[in-house]
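Record features, source TrEMBL:
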- 1-13: compositional bias 'Polar residues' (COMPBIAS)
- 27-37: compositional bias 'Basic and acidic residues' (COMPBIAS)
- 1-41: region 'Disordered' (REGION)
- 167-188: transmembrane segment (TRANSMEM)
- 200-218: transmembrane segment (TRANSMEM)
- 230-252: transmembrane segment (TRANSMEM)
- 264-281: transmembrane segment (TRANSMEM)
- 302-323: transmembrane segment (TRANSMEM)
- 379-397: transmembrane segment (TRANSMEM)
- 418-436: transmembrane segment (TRANSMEM)
- 484-505: transmembrane segment (TRANSMEM)
- 517-539: transmembrane segment (TRANSMEM)
- 551-570: transmembrane segment (TRANSMEM)
Amino acid sequence: MGKLNSKTGNKVSIPQAASSKTKRKTKESSKAKEHTAVKNSQAPFENSPIYDLLQFFEKAPDQWTARYILILTAIILRSAVGLGSFLGQGEKPINGDFEAQRHWMELTIHLPIDKWYFYDPLYWGLDYPPLTAFHLYLFGKLGSLINSDWFKFFSSRGLESSDLKTYMRYTSLISELVIYIPALLGFISIMGKKLNLSRMYQIVISTIILCQPSLILIDHGHFQYNSVMLGLFLFSLVDLIKGNYILASIWFISSINFKQMGLYYAPFIFAYLFSKLFLNYNDLGSEKSLKKLIASFNFKKLIAIGLAVIITSIVIISPFIILPSCTRAETLNVLKQILIRVFPFERGLFEDKVANFWCTTNLVVKYRDIFSIDQLKKITLLSTLVAILPPCLMISYKNIYNPKFSNISLSPVKYLSLIYGFAATSWGFYLFSFLVHEKNVLVPLLPSTLLFIINDKDTISMIQWINNIAAFSLWPLLKKETLVLQYIVVILLSNWLVGGFNLKLSNNIFFPRINWFWNLVIGASYIAVAIVHFVDYFYLPPARYPDLWVILNTTVSFGCFSLFWLWILYQFYKL
């Protein structure tokens, strides 16, 4: 990693946090260093514009200024995107996701709580878990104090005044500032210590992650609150790294109860926590045996984690039980309706066009003509289990048998495995599960993007590539919302910041040095992206195939996502 020498003007290596006095000469320590930020003598971002912009704040007293610049940059970028339109703007009678969020604020502040999940499902029926409903209730109450016309019952439907739009954009921005950004900075801080990264380098990585396009375009362009669910997951991840498993479980259950797509992470966190209830084989002492390993199972911790999950879930749904004056049967019916609305299996295998296995192969095999909905549920369940089983088995084995995962190990591999594992599992869900939306790509994209923390050019090239492809997969949705300018600017900005347009190939972040195969894949994918954009802009699709350009988009994206998922699995296996 480099910094600018104030006397000579030359770039020198950024000092690592670890002192030479603390160097260990053990084999374990040397292995640990292989996975830290000292893999390469030159840091990947050393010649990037983002480093050039922040290098003057390298001194410790100035680093707080760099953090303020980081947060201010995030606010400005999101606010600029928010100046554009949103899905369904001006499209009566039901508009789009903006109206959905506004309508849910309206119904939660006017209707009894036991009516929330029953009200008018043909308009915009509430179909997110209870924490989202409470979140919208809070902002609905606050907004009605500012202007009661925004959320008047029924008569406010379809309202799109400029002051309402500004307020709604602020709610998304505030939600991200309160939940997602602190959680991300907390993650970067703790992993920076584990990987011996300098404080300045942590700020650089934080800025790069906050400027990645997909979440910005969806939450502040399309308009949603995905950052809250992702932020709660990040808090859970931080506590997993710290070993605070009870608190991690509480954060994670909260994440699922905000948006159900948090379930993409659930199998892996279950496998991780369950395997952590055993001692690592290498921590058993001199007399190691399978019997002793089984006996090391911590039942007290299992009960504590289980109680944390149960109590958190009960607390979240308790308002639906306590507040309404309902009979027991009516209360059970309310809880049943919440599940029906949150998991709407009747909608089918997929909605619109999405870059997963089922939508892509549906071009050849018309699944919905061959199988019933119940059969498709079973088929997708089986395929998803096959896809997510490898990372779950790998983390279980590593936690129990791999010496790098023992309590005495100093290797950061056991922390990196969490990121790789969550990424691999959630990509498996996205590619093969039932009823996937194009916006669900944000779930596997987050842990994948966190791998920017690894100071290795090849890894960073792969992560930047998949971020670009993920943004590209959202193009049909963003084009529909006339967010073309925002799409172009945010993608160009994110690639420019990391040095993607550096004319010196050795410093360019676009292509890895792994082998010719990945250079070929990445190069071909960028050419395919350019071709799809070209034909989409200059030519109308054939009348017989009106969705042809969208299908080309999803097919290219699916191919890239699948290859990246396999790469993630292989990297996880190597840890």
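Using N, Cα and C of the backbone, Cβ positions are placed for all residues, glycine too.
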Cβ contacts the transmembrane segment (551-570)/the transmembrane segment (302-323), at least three under 8 Å, sequence gap 6 or more: no
Per Cβ pairs under 8 Å, the stretch of 167-188, 264-281, 379-397, 484-505 packing most closely against the transmembrane segment (200-218): 484-505
Range from 230-252, 302-323, 379-397 with the greatest count of C-beta pairs under 8 A to the transmembrane segment (264-281): 379-397
Stretch of maximal Cβ-Cβ contact with the transmembrane segment (418-436) [cut-off: under 8 Å; candidates 167-188, 230-252, 302-323, 379-397, 484-505]: 379-397
